[in-house]
Every structure is written in structure tokens, then in C-alpha cells.
């Protein structure tokens, strides 16, 4: 009986964890002032914020990602995090 109860508890915990999805701010360039929250797709476990400087000033993009984007260009700064609304 104890084994059955323990098994049910473990299965419940695993099933509840599978249903979790991240919530990240999402915006592109000039719309980043508002910072609208988006429920990320299944498998997207990172929130990210990319920023870089241009002639018109600093540009920002925020969103969800399955893997943390890499800063491949000099001057591109990337922040990745794994909690809701962290970007």
C-alpha cells in the first residue's frame, strides 16, 4: 500500500512539472517599452534579451528560446534567464 501511494505521488509530481511553460517579455526593437508577456512554446526554456548599439541608439529584442542565443557580433549583448518575466 505504501509503495502504491509513493508511486502515485511521484507520478503526480512528474505530470505537474511537464505542464509548466515559461512566461517571457517579448518585443522587437521600438516596441520594447511596454514589455508584453508571452507564454512560451513547449521546449522553450529560456527568456532572452539582446541589445546592441546603432546610429539611432540602443536596440533591444526580447523573447523565448529553446537554447540561449549566442552573441556572435561584436557589441551584441545577450542575457538569458530561466524564471518567469526575467528578461
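Even glycines carry a Cβ here, placed using N, Cα and C.
Listed in Swiss-Prot:
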SIGNAL    1-21  signal peptide
DISULFID  24-47  disulfide bond
DISULFID  27-32  disulfide bond
DISULFID  40-64  disulfide bond
DISULFID  68-80  disulfide bond
DISULFID  81-86  disulfide bond
Q) How many Å separate the Cα atoms of residue 27 (disulfide bond) and residue 64 (disulfide bond)? A) 10
Q. Near residue 32 (disulfide bond), which disulfide-bonded residues out of 24, 64, 68, 80, 81 have their CA within 10 Å?
A. none
(Q) Among 27, 64, 81, the disulfide-bonded residues in question, whose Cβ has the most other Cβ atoms within 10 Å in this structure? (A) 64
**Q.** residue 64 (disulfide bond) and residue 86 (disulfide bond), Cα-Cα, nearest whole angstrom
**A.** 11
Q. Taking each of 24, 47, 68, 80, 81 in turn, which of these disulfide-bonded residues have a Cα lying within 10 angstroms of the Cα of residue 40 (disulfide bond)?
A. 24, 47
Q: Round to a whole number and give the Cα-to-Cα distance in Å for the pair residue 80 (disulfide bond) and residue 47 (disulfide bond).
A: 6
Q | Residues that sit under 8 angstroms from residue 47 (disulfide bond) by C-beta distance, when 6+ apart in the chain | A | 22, 24, 25, 40, 62, 63, 64, 65, 80, 81, 82, 83, 84, 85, 86, 87
Q.
For 40, 80, listed as disulfide-bonded residues, tell me which one has the smallest number of other Cβ atoms within 10 Å.
A. 80
Q) How many other Cβ atoms are found within 10 Å of the Cβ atom of residue 86 (disulfide bond), counting all protein chains shown? A) 16
(Q) Can you tell me whether DSSP puts residue 24 (disulfide bond) in helix, strand or coil? (A) strand
